Structure formats: structure tokens, C-alpha cells
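Per TrEMBL, the feature transmembrane segment maps to 12-36, 48-66, 72-94, 106-128, 134-153, 165-187, 193-214. Positions annotated as region 'Disordered' by TrEMBL: 252-296. Among the features that TrEMBL reports, compositional bias 'Basic and acidic residues' is placed at 272-284.
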Amino acid sequence: MAGLSLQHPMAFAFGLLGNIISFMTYLAPLPTFYRIYKNKSTEGFQSVPYVVALFSAMLWIYYALLKSDECLLITINSAGCVIETIYIALYLTYAPKKAKLFTAKILLLLNVGVFGLILLLTLLLSAGQNRVVILGWVCVGFSVSVFVAPLSIIRQVVRTRSVEFMPFSLSLSLTVSAVVWFLYGLLIKDKYVALPNVLGFTFGVIQMGLYAIYRNATPRVPAKEVADDKEGIVKVPEHVVTIAKLGAPAMEPETHEVHPVDSPPMAEVAEPENHKAAATEEQGKVANNERNADQV
């Protein structure tokens, strides 16, 4: 097999290095999914890049099996299928209902419908080397889509001036992985492996550049607010109003001390009122007696 042949020691070395780096790239989102598991919420994270990555890994396994001399492609993409499946399952566990439905739809459409259609058409309508060529270009097209998928994250970084949802480790590993697999494709003379990684390197450099620009920038929209917006939660911003005395902005606001006044007990309050009522009644009786005496 060309990928493992001793006649291609450099190709084997770059392929093995590519496996190691790509495996680390697959593990790069682990902090993200640990955060999802810890918070029991997907926050502002999206499932599209992981669904597309799973689909791409499935295609490359099919391509490597047809070509029969790409063992190193089979090993890394098999690992990718397992890891991406775990990520998607975890996402579906903690995603809100709307995000779950969207993820399930693209899974069925892409990983079942489109992959099944490609498998059926290449087996029925082509044979031998033509099948490899057709599938190779299909792999190139969808590998490009894997690198284009993070464009939504790049847009979010530019809009919010926050790199919270674009880990630097992932961008770096994607860039290095693209370089290694490009060299591997050149050494084994497989343009279908080499071509997509040119775009992968380009997007990786763009992501790292954005990270360098915005890592210390003040977010235009708080990352939490972006997450709430994606979850359908509307928050009213808090306003702090400071009231100052007109015409004297430099003076400290006047303060007035208020001292508590002890209230008399209820019994003491009620007692004077009773005495007052009794005195009034007594005065009435005296007045009546005087009128009676005058009449006599």
C-alpha cells in the first residue's frame, strides 16, 4: 500500500504525523463540550460544523476503501467518525428543542440521504478508476465545506468582537493539520487529498489572525447575550440612573439624617382617649343639671 510502503518513507512520516495532529484536532472541542455538559446547555454553540465533519469523514473512508492504498486515511477518519458522533450525541442531549430538530434534520439529510445517494450513484453509474475520480472530486467538494463551515463562527467573532466561541487551539491545529495533509497528498501524488488543504490552511490563518485581533478587545455584544439570543431568551438591559442636583454637578448630594421616633404603646395611646371621652360625658351631665335647676 502506498500509504505504508517503505518506498515512500516521507509520505508515511507525514501521514502518521497527520493522523496524530488530526486526532488532536478532533479532540480540540473537548473543553467546549465539557462546558456544555457542565452547564447543561449548548449556549451559543452550533452543531453544523460537527455534522459536516462527520459527513466528510464518512466520505473519506469510502474513498480510501475504493482506492485500497490509503490505510492512513482510513485510521484517522474512522477515529473522526467516532469522536464526531459522540459530540453530536452530547449536543442533542442538552440542546433546546428547536436546535435538536434542526440538528436531526441535517443529520438525516446529509449523513443519511446525501451519503446514501452518493454511495448508490457511484456504485451503479461508474466503475474502476472512474469511480475513484468521481468520488475524489466529491470528497474535495465536501472537504472544502468542512473548512467553510466555521465561517459562521468567524462572522460572530467580527460582529461581537469576542473570541469566546472560537478556541485558538482549534484554529492552530486545523492550520497545522492542513499543512501536513497537503504535503502528504503531494508525496503520494493524490491531488484529491492535497487540494482541500490549501483552503484549510487559508481559513486556519484567518481564524488565528482574528483571534490575535479580538482576544483583548472589548466585546460589542456580551457573549452571554449572544447565547441567550440563540436560545430565544430576551433580556432587558439594566439602566443605572444617577440623579444629581441641577446647577451643582461638582457638589456632593445633600443628605438629611432621619432619626427614629419612639411610638407610645397602644395601651398608653388608648388610655388618654378614654379619659377624654369620660370628661366630655361628665361635662354634659353637669350642663343638664344646671338647666334643670334654672327651670325650677
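Even glycines carry a Cβ here, placed using N, Cα and C.
Only residues 6 or more beyond the boundaries of the transmembrane segment (12-36), in the same chain, are considered here, and those with a CB under 8 A from a CB of the stretch are 3-6, 42-43, 45, 50, 72, 75-76, 79-80, 83-84, 87, 90-91, 94, 167, 169-170, 173-174, 176-177, 180-181, 183-184, 187-188.
Among 72-94, 106-128, 165-187, 193-214, 72-94 has the largest number of CB pairs under 8 A with the transmembrane segment (48-66). With a threshold of 8 Å between CB atoms, the same-chain residues lying at least 6 positions outside the transmembrane segment (72-94) that come near it are 3-4, 12, 15-16, 18-19, 22-23, 26-27, 29, 33, 36-37, 40-42, 45, 47, 50-51, 53-54, 57-58, 60-61, 63-65, 100, 103-104, 107, 184, 193.
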